[in-house]
Amino acid sequence: MKKIIVKLLTFIIILSMLTGCWDERPFKNAKIIVGVSFDQGKNENIESTVLIPTVQGGGIHSETEKLQTVTTEANTPLDVRNHLDIMVSNSIDPSKLQVILLGEELAKKDIYPILDVFYRNAYNNLNAMIAITEGSATEVINTQPANEANQSKYLVGIINAATNTTLYSGENLQMICAELFEPGEDFVLPYLSKSDENNSVRFSGLALFHDKNFTGEVIRHEDAVLLTLMDGHKGKQSRITRQIPKKKDYDVYNYVTIDVLKNKKDIKYQLDQNKITIDLNFSVRILEYPPNQLKEIKNIKELTKTLEEELTKEATSIIKKLQEANSDILSLGRKAQAYHYNEWKQMNWEKDYKNLEIIPNVKVTIKDIGIID
Amino acid sequence: MIMKNNLLSLNQFFFIIIQTQIGIGVISLPYDLHQVSKQNGWISLIISIFLIQIIILIFWLMYNRFPTLNLYDMQMIIYGKWIGQSINFLYVLYFVFVGSLILILFSNLINLWVLPHTPYWVNMLFLLLSCVYLSSSHITVIGRIYTFLSTFFIILFVLLLNAIPELKIYYLFPIAKEGIMPILKGVNQSVLALLGFVVILFVLPVVKGTAKQKLKTMSGAIWFVGFFYLFVVFISFTFFSTEEIKVVPQPVLYLLKSFEFAVVSRIDLLFLTIWIMSVATSFSTFLYLASLGTMQLFKSKKRTKFVWVNATLIFLLVIVIDSKLITIQTYAKYVSNSGYIFSIALPILLYLVMLLLKKRHKEGHSS
């Protein structure tokens with residue numbers, strides 16, 4: 001009997017301990033924010049808009065998800081939260097944040113103070129996507145196309161689609177952090193812009209960063225695939241469509257579309273001559289080639305050569321753009337420091353990067369031409 | 001005397017060593033190493049594993065001289081009653097201090113990462129009570145539990161594998177650009193993380209098997225822990241850039257926080273839950289060792305009683321330290337540095353005295 005009572009008492013005590021009263025965070029007391037945008041405010045402060053989803057209705061089929069948007073001005077991102085807390089019922093909870101948009105003007109200044117709070121608090125979601133917007137971020141986050149119910153899902157969807165098609169490396173808030181801190185290494189972020197025609201947002205390229213600032217230079221989305229491949233990332237698909245020397249009058253005939261299956265990169269440093277050679281090896285599959293003459297090896301060789309020339313030319317112009325923006329996306333500086341420390345030490349990478357002669361060299365191997373010749 | 005079925009198997013011995021060594025330190029080890037030796041910390045780690053291999057070899061030699069005695073008994077016999085007892089008392093104090101340090105660091109981390117509003121003593125009390133329960137059991141029970149809990153290491157390992165696509169090997173280079181000094185300083189840090197191997201001296205006599213098998217098992221355990229740490233350090237050093245890791249005191253958790261599974265969105269919390277078990281096991285070992293010592297001091301046979309006494313001591317100590325007498329950092333520094341004395345210096349001194357006095361087990365040259 002005594003044993004049973006002791007056991008029962010311990011059981012009750014343990015049960016009472018399992019409730020965890022101090023740190024409970026019930027969903028009903030919180031306003032989850034799923035998206036946030038930051039812009040340069042009018043008086044040296046920041047303007048911020050948050051997306052708060054609310055579920056209305058009940059039952060299985062009648063639920064509708066609605067997004068409430070709230071805009072406010074404040075001094076720091078956390079101050080924004082203070083301002084928001086007095087504007088909405090319940091308190092703001094950013095732990096399910098999916099997307100962060102930064103306005104162009106704000107990003108040209110230092111972006112770290114904006115992101116600090118997201119890195120610092122253990123509750124925050126480091127898996128969120130971050131993007132730069134053309135013009136005001138508030139406008140982009142408020143854009144809601146007719147067939148999309150949820151802006152944050154829509155924006156994340158755009159970035160994920162870009163990742164799948166190798167327009168963007170898919171790096172989230174945490175992944176860019178290494179490059180944000182490290183000297184001799186820079187990163188890109190998706191550059192989103194609003195198109196007014198049908199009230200939608202489009203992925204219009206990659207915003208180049210240097211150190212912690214947006215340089216103002218953007219790689220157009222046509223070139224984004226090549227840059228992402230050069231950086232060593234590859235999504236599920238990486239389609240590139242390029243013009244070939246004129247074969248027929250009807251213009252649609254004069255293009256080829258390839259899908260890069262494998263990309264290899266080899267960087268050769270000759271820092272004493274201020275020269276870096278980047279060898280890129282692409283194994284490709286032909287997806288679209290209307291001229292239809294791939295039976296003969298001669299034609300394949302010719303096509304390979306055309307592609308190599310075309311892609312090398314483009315890679316050169318991309319690298320020129322990177323150098324003009326002083327943005328070291330390919331981590332050339334950090335790699336030089338790692339593998340060629342003595343030469344690197346004698347240079348002032350920050351200044352010399354612009355004047356380096358960087359020669360890309362694209363080699364294409366056609367592995368697959370599809371099921372017709 | 002010692003019954004056959006009251007002995008630990010070699011497997012249990014292996015897991016007792018690794019569970020004691022892997023504990024509070026694993027989460028911050030890459031950060032601590034990077035503080036002193038930059039991206040060359042992994043070299044320091046390898047050096048320190050070799051050092052510890054040598055030290056446990058000495059432990060083994062000591063065991064060969066007295067195959068039935070643990071460290072407490074050895075010290076009584078070699079140094080005589082008074083000196084032996086006082087050194088044993090110091091050991092007990094050391095284990096109590098280590099225990100309280102583990103509790104403090106544990107509750108701080110839980111406060112920081114999971115439960116910011118829960119009072120620190122509640123976190124501690126939970127760990128303390130479950131560990132009291134564990135360490136008042138017989139050593140074979142402890143061994144069995146540790147063996148079982150070790151299966152969770154596989155999960156820790158698999159979780160960390162997630163980071164592999166994001167690793168950038170060139171963050172490890174250039175190697176040794178700041179010379180050899182920072183690497184040697186890093187050895188200090190990594191030896192501190194590997195402390196806990198002193199448990200070998202206390203459980204060796206209660207393990208089944210020949211002396212050679214035991215040596216193999218304990219070396220295996222040290223290298224297992226070494227490679228696990230090396231893996232963690234390698235992942236953290238190549239995931240975070242050299243500048244970034246300077247501001248991330250818990251790199252392992254931070255790294256996992258940036259991934260998301262379909263079902264679990266906060267992998268760091270999953271990791272933390274499993275890690276708590278590792279903390280609990282190393283804490284229980286120290287509690288066990290402390291109670292073993294007090295039992296010896298008071299010539300008693302009831303160990304459970306002393307587990308409670310020591311646990312209370314530890315808890316009071318934590319309360320005192322937390323009232324800001326000294327900062328946690330200085331306390332941590334003193335306690336972990338004194339590990340050198342108790343895990344390395346004193347055992348080696350004891351061995352030298354043994355050699356000098358030509359003392360051996362009375363029954364002759366066994367094994």
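Using the three backbone atoms N, Cα and C, a Cβ is placed for every residue, glycine included.
Bear in mind that the values here come from a model prediction, so they are computed numbers and not experimental data.
Sequence annotations record features per position, and here TrEMBL assigns transmembrane segment to B:12-31, B:43-66, B:87-114, B:120-136, B:145-164, B:191-209, B:221-240, B:269-294, B:306-326, B:338-357.
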Stretch among B:87-114, B:120-136, B:221-240, B:306-326 sharing the most Cβ pairs under 8 Å with the transmembrane segment (B:269-294): B:87-114
Contacting positions for the transmembrane segment (B:12-31) when only residues 6+ beyond its ends and CB under 8 Å are counted: 41, 102, 105-106, 109, 140, 142-144, 146-147, 149-150, 153, 189-190, 192-197, 199-200, 203, 207, 214, 217-218, 220-222, 224-225, 228-229, 232-233, 236-237, 245, 248-253, 275, 278-279, 281-283, 285-286
For the transmembrane segment (B:87-114): best-contacting stretch of B:191-209, B:306-326, B:338-357, by Cβ pairs under 8 Å: B:306-326
For the transmembrane segment (B:221-240), sequence-distant contacts whose Cβ falls under 8 Å of one of its Cβ atoms, 6 or more beyond its ends: 13-15, 17-18, 21-22, 26, 29-31, 33-34, 39, 41-42, 45-46, 49, 52-53, 56, 153, 157, 160, 163-164, 166-169, 171-172, 190, 193-194, 197, 248, 251-252, 254-255
Same-chain residues at least 6 beyond the ends of the transmembrane segment (B:120-136) whose Cβ lies under 8 Å from its Cβ atoms: 103-104, 106-108, 110-111, 142, 145, 276, 279-281, 283-285, 287-288, 291, 303-304, 307-308, 311, 314-315, 318-319, 322
Cβ-Cβ under 8 Å with the transmembrane segment (B:338-357): same-chain residues at least 6 beyond its ends: 55, 58-59, 61-62, 65, 71, 74-75, 78-79, 87, 90-91, 94, 97-98, 191-192, 195-198, 201
